[in-house]
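Okay, so here's the structure we're looking at.
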Amino acid sequence: MSGRSPKALRAATANDRAQDRVRGLVIAAHGRHYIVAPEDGSAILQCFPRGKRSEIAVGDQVLYEPTSADQGVIVEIGERRNLLYRSDQYKSKLFAANLDQLLIVLATEPHFSEDLLGRALVAAEENELKPLIVLNKIDVEAALPLARKRLQLYRGLGYTVLEVSIKGQPDAARATLEAHLNGHSTLLLGQSGMGKSTLVNLLIPDAEVATREISTALNSGRHTTTFTRLYPLPGSEGALIDSPGFQEFGLHHLTEGKLERAFPEFRPLLAECRFYNCHHLHEPGCAILEAVADGRIAKERHALYAQLVHEASQIVR
């Protein structure tokens with residue numbers, strides 16, 4: 001019979017568990033199921049969060065305790081540089097953590113949503129991520145002039161727009177994209193039909209094999225993009241994180257103060273408003289509204305700001 005007290009036994013057990021903990025990188029997420037790649041390069045395994053709440057994201061560095069050869073429990077999330085997510089009145093949807101940049105995939109056709117583009121840019125600015133806009137399918141010549149015209153506003157704001165034809169000119173597209181992606185952790189966002197999956201397959205030759213491996217580990221049986229997953233970029237320290245296509249991008253969690261600073265064209269004017277607590281909606285002496293009136297700020301950009309402020313006001317904080 002052990003001579004140690006129950007308290008000492010509990011401490012010893014906790015110490016044993018701590019010694020069993022392994023560092024890893026979350027490379028896929030689907031619901032409360034996560035795939036973790038161990039730091040030592042051993043086989044990936046399925047992990048679950050400890051407790052009911054789960055705030056784990058792809059790109060997180062974690063500590064987990066193995067519970068079997070291919071499963072474990074995540075017990076700690078490492079310090080994050082950032083966390084990108086979207087939210088509505090009721091819930092949040094995590095995209096990824098520890099990012100450097102955001103790659104927003106658009107196409108000449110089908111018609112892309114400028115509202116979603118604008119929201120993605122705001123999210124990037126608020127998280128201090130570099131946004132890259134990719135215009136795909138430039139070989140569809142009839143639709144190209146209108147797409148370019150719609151993106152002129154964003155070029156004028158200083159955003160990088162990369163024009164590619166992933167299917168028509170794959171080698172040129174690969175060279176263009178790799179020049180901007182290598183060495184960086186990049187989240188890929190886009191509506192369905194824009195060519196996001198084609199882009200992944202272009203840059204990650206074994207993407208389909210990796211997807212099947214993760215699907216098997218998640219026991220999902222599905223080989224479509226129903227989960228967010230991270231791919232190491234071949235020959236680079238960078239990573240590409242692919243997320244499911246989406247049709248909404250709520251930013252209800254952003255306060256008015258964060259929103260005004262997420263519009264780069266607003267920033268130089270914020271100190272010029274007559275009132276220090278100006279909302280930039282209908283106040284007299286508002287430098288932002290004056291810039292909208294004389295064309296220095298696009299009306300559609302201010303309309304997006306006003307809509308986001310309205311949405312944020314619906315949240316009880």
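Keep in mind that glycine also has a Cβ here, set from the backbone N, Cα and C atoms.
Note that the structure is predicted; figures quoted are calculated from it, not measured.
Feature annotations, reproduced from Swiss-Prot:
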DOMAIN    88-249  domain 'CP-type G'
BINDING   Asn136, Lys137, Ile138, Asp139, Gly190, Gln191, Ser192, Gly193, Met194, Gly195, Lys196, Ser197, Thr198  GTP binding site
BINDING   Cys273, Cys278, His280, Cys286  Zn(2+) binding site
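Taken residue by residue with DSSP, Thr198 (GTP binding site) is part of a helix. Gly190 (GTP binding site) falls within a strand when secondary structure is assigned with DSSP. Taking the Cα of Ser192 (GTP binding site) as the reference point, the closest of the binding-site residues Cys273, Cys278, His280, Cys286 is His280. Within the same chain, the residues at least 6 positions away from His280 (Zn(2+) binding site) whose Cβ sits under 8 Å from its Cβ are Glu260, Phe266, Cys273, Cys286, Ile288, Leu289, His302, Tyr305, listed in sequence order.
For Met194 (GTP binding site), other Cβ atoms within 10 Å of its Cβ number 23. Spread of the GTP binding residues is 19 Å (greatest Cα-Cα distance among Asn136, Lys137, Ile138, Asp139, Gly190, Gln191, Ser192, Gly193, Met194, Gly195, Lys196, Ser197, Thr198). Within 8 Å of the Cβ centroid of the Zn(2+) site, not counting the listed residues Cys273, Cys278, His280, Cys286, the chain contributes Leu270, Arg274, Phe275, His279, Leu281, Glu283, Gly285, Ala287, Ile288, Leu289. Same-chain residues at least 6 positions away in sequence with a Cβ under 8 Å from that of Gly190 (GTP binding site) are, in sequence order, Ile104, Val105, Leu106, Lys196, Gly245. Across the structure, Thr198 (GTP binding site) and Cys278 (Zn(2+) binding site) place their CA atoms 45 angstrom apart.
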